[in-house]
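As annotated by TrEMBL, domain 'Ig-like' applies to 103-212, 223-306, 325-387, 394-479. Annotated transmembrane segment per TrEMBL: 506-528, in sequence order. The feature region 'Disordered' is assigned by TrEMBL to 540-561. Residues annotated as compositional bias 'Basic and acidic residues' in TrEMBL: 547-561.
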Amino acid sequence: LYCLGWYTVNSAYGDTIIMPCRLDVPQNLMFGKWKYEKPDGSPVFIAFRSSTKKSVQYDDVPEYKDRLSLSENYTLSISNARISDEKRFVCMLVTEDNVFEAPTIVKVFKQPSKPEIVSKALFLETEQLKKLGDCISEDSYPDGNITWYRNGKVLHPLEGAVVIIFKKEMDPVTQLYTMTSTLEYKTTKADIQMPFTCSVTYYGPSGQKTVYSDQAVFDIYYPTEQVTIQVLPPKNAIKEGDNITLKCLGNGNPPPEEFLFYLPGQPEGIRSSNTFTLTDVRRNATGDYKCSLLDKKSMIASTTITVHYLDLSLNPSGEVTRQIGDALPVSCTISASRNATVVWMKDNIRLRSSPSFSSLHYQDAGNYVCETALQEVEGLKKRESLTLIVEGKPQIKMTKKTDPSGLSKTIICHVEGFPKPAIQWTITGSGSVINQTEESPYINGRYYSKIIISPEENVTLTCTAENQLERTVNSLNVSAISIPEHDEADEISDENREKVNDQAKLIVGIVVGLLLAALVAGVVYWLYMKKSKTASKHVNKDLGNMEENKKLEENNHKTEA
């Protein structure tokens, strides 16, 4: 008997196991055989090949039926490798004189399935040891080992914080292993969003390998440690009439769903969800607002809210009627939660200052608006209006002017009053109404009516102005066109009156300057006269004697005559 040493063939589960005989075929070979040994050492022959007939015979072994193949060089192949194929196989070459044997050990490996974390906890609570999940890997041969990781770092058992329970089970039919590792973990807030994974390490035909599971992230529950309160809309923009929503938040997970809200001046809290709404707030809602947890009233948050307000009182307001020359005090009173801007408008034109009337004029009439606003609070504006009507009885002034050609005369009736007076022209004596007139626009309670006539004899024109207050009449004598007469100056318009006032101021300035110059000249002259007083006395005496001589000569001439 000649026997070679041990030889091992590694095969993956399901592959074909190839076992060469490893013996040199002798010249006088009779046949070759393969067998395997049972655990008790007894042989089981499975294949036979004759050297002369070149035929192959396979023994009736049920587990290897249709799985064996024996080549001419006596290499044995076993298809669809199983775990049960892990045996000691022997190749036998037999001659007339010797039996040669070459044993081969078969090892079969099965890669386990990718590990998976199952039975995962819905959430983990801080400071509590709780099952995180099970890591399972199936169909492994030989069995593997499972490792847990937190954020990529290996977790080792730690009393009261990390507990790992490992177990393995073998399927009696397939002889494959299922490994299960259970992790119990005491979590902290540091584990928020931290990934947990597991891996299985196993041996394959080419050595040790490791397969990793997918990451698992767990919801971490922790108690509320701080409460905050929010105000919507933003606190600096709350005004009377707004709705205020208070929102209370806790930083725990899950966040608290109910709170106690405390309103200004109310010691007892109002139980509500995380929001509490105040509608149509008034200025008396200004104050401190608070909220707390239901079970921890000491954990409280507060905020101060100011409800901005703006009041405007215009006196007088609405439609006001006064007589020309009356005094009218006007006041616009503002009350606000902070400094407010005030703007006065007249007929949509901004005024430089607030109006004040010591003596009303027609041009003071119009629509006045006092408007105020808080710039920092959007939409907080108030305005009131005053429609001022200035009334006056009709006032008349008549003027006349001869055309430079001397062929006509222009008669103008200037009328002032409100409501607008109606003007009528008549010729005294005949009483006829003159319709062919020209009127100016009615501005600031004034306008005029103008007619042009060429009278052949002296006439009297009458202008009548009438409104709801009174009827006023004025007359003017006009000479015939052939008789020259003095023209009367036209009424000066408001615009021209301003120009005349400016010119008058200029003239007054010139006159004052001339007076000052004259005063200086007078002082100089007085000083000069004082110095020459004595000399002037002598001169006066001489002049007196000369006058007496002239008088004597005049008397002598009269006597002769």
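Note that Cβ sites are derived from N, Cα and C of the backbone, with glycine treated the same way.
Note: TrEMBL annotation is automatic and uncurated.
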For this session: Would you mind splitting the domain 'Ig-like' (394-479) into helix, strand and coil residue counts from DSSP?
Result: 0 helix, 54 strand, 32 coil
Exercise. In the domain 'Ig-like' (103-212), how many residues does DSSP assign to helix, to strand and to coil?
Worked result: 3 helix, 70 strand, 37 coil
Exercise. Reported in the order helix, strand, coil, what are the DSSP residue counts of the domain 'Ig-like' (325-387)?
Worked result: 3 helix, 31 strand, 29 coil
Exercise. What is the three-state DSSP composition of the domain 'Ig-like' (223-306), stated as helix, strand and coil residue counts?
Worked result: 6 helix, 41 strand, 37 coil
